[in-house]
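The structure that follows is given in the form of structure tokens.
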Ligand code: GLN
């Protein structure tokens, strides 16, 4: 596969979609990003990486961090499936920050990729490591091979200043006994993990273990193959919020998106992709990013379907 040629063609296809949609502004610090950005990168399973456009510009990973926190919790649980007592693995069909299902379902979030579920996962990671956001940052630095990765303090602060809804989700779950740590610590670590800045290059390389059936960049094992399979399955069914059905229909790959405009997608056994363009559709997914991934699987025939 001539990845570079495919990426150039994908970028040309996506160009008319760049700037469409709306840059997230409910976290005010995210709104300073130019809507005209577009970048895409692919890391193959050998670690060779290709990219075009703004593929080396760092941006806020936001909810893409939820895939990594789940991976770290599963990796640290040594086969014990406890986390699935506290969070489900079904698509929610509701927006990523919705409160409504939680009351009906006794404080057990539908899946780990909506905010409520991610708060539970971060809570577990906090118990396991003592410092959830730093352990994630260190993992991402190592796995991406980029020691410069850092938190964006302005984004983390802005999110905390406007974090009433996430605080409400966390308090509500605490009232059902579904948090192990105090609400302020859980939401603080969640805000910090969302604020990590990475480029498409960094994210494609760091997500390589999902394409390598659980093997890290250095060849050591992070996850059992069946655990990597499960994360990819939950990404497919829940990774793009209440648009996961539409995403499977158009793209057909496990993926995790974030309101920073990034989407990480996995072709198991072949490569990990990351695309970024900040204009979001009404469900919080990058408009040009979805168009690009749609065209990528059309060109390559690599939809898992
Ligand atoms: N930090 C964001 C929030 O909690 C993440 C949301 C997202 O990327 N969908 O609202």
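In case you wondered, yes, glycine gets a Cβ from its N, Cα and C as well.
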Based on TrEMBL, name the residue from 34, 63 that is recorded for the same substrate site as 115, 159, 166, 190, 241, 259.
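Among the candidates, TrEMBL records only 63 at this substrate site.
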Do you know which of the binding-site residues 115, 190 has the most other C-beta atoms within 10 angstroms of its C-beta?
190
Please give the greatest C-alpha separation between any two of the substrate-binding residues 63, 115, 159, 166, 190, 241, 259, in angstrom, as a whole number.
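If we measure all Cα pairs in 63, 115, 159, 166, 190, 241, 259, the largest is 19 Å.
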Where does residue 259 (substrate binding site) sit in DSSP terms: helix, strand, or coil?
coil
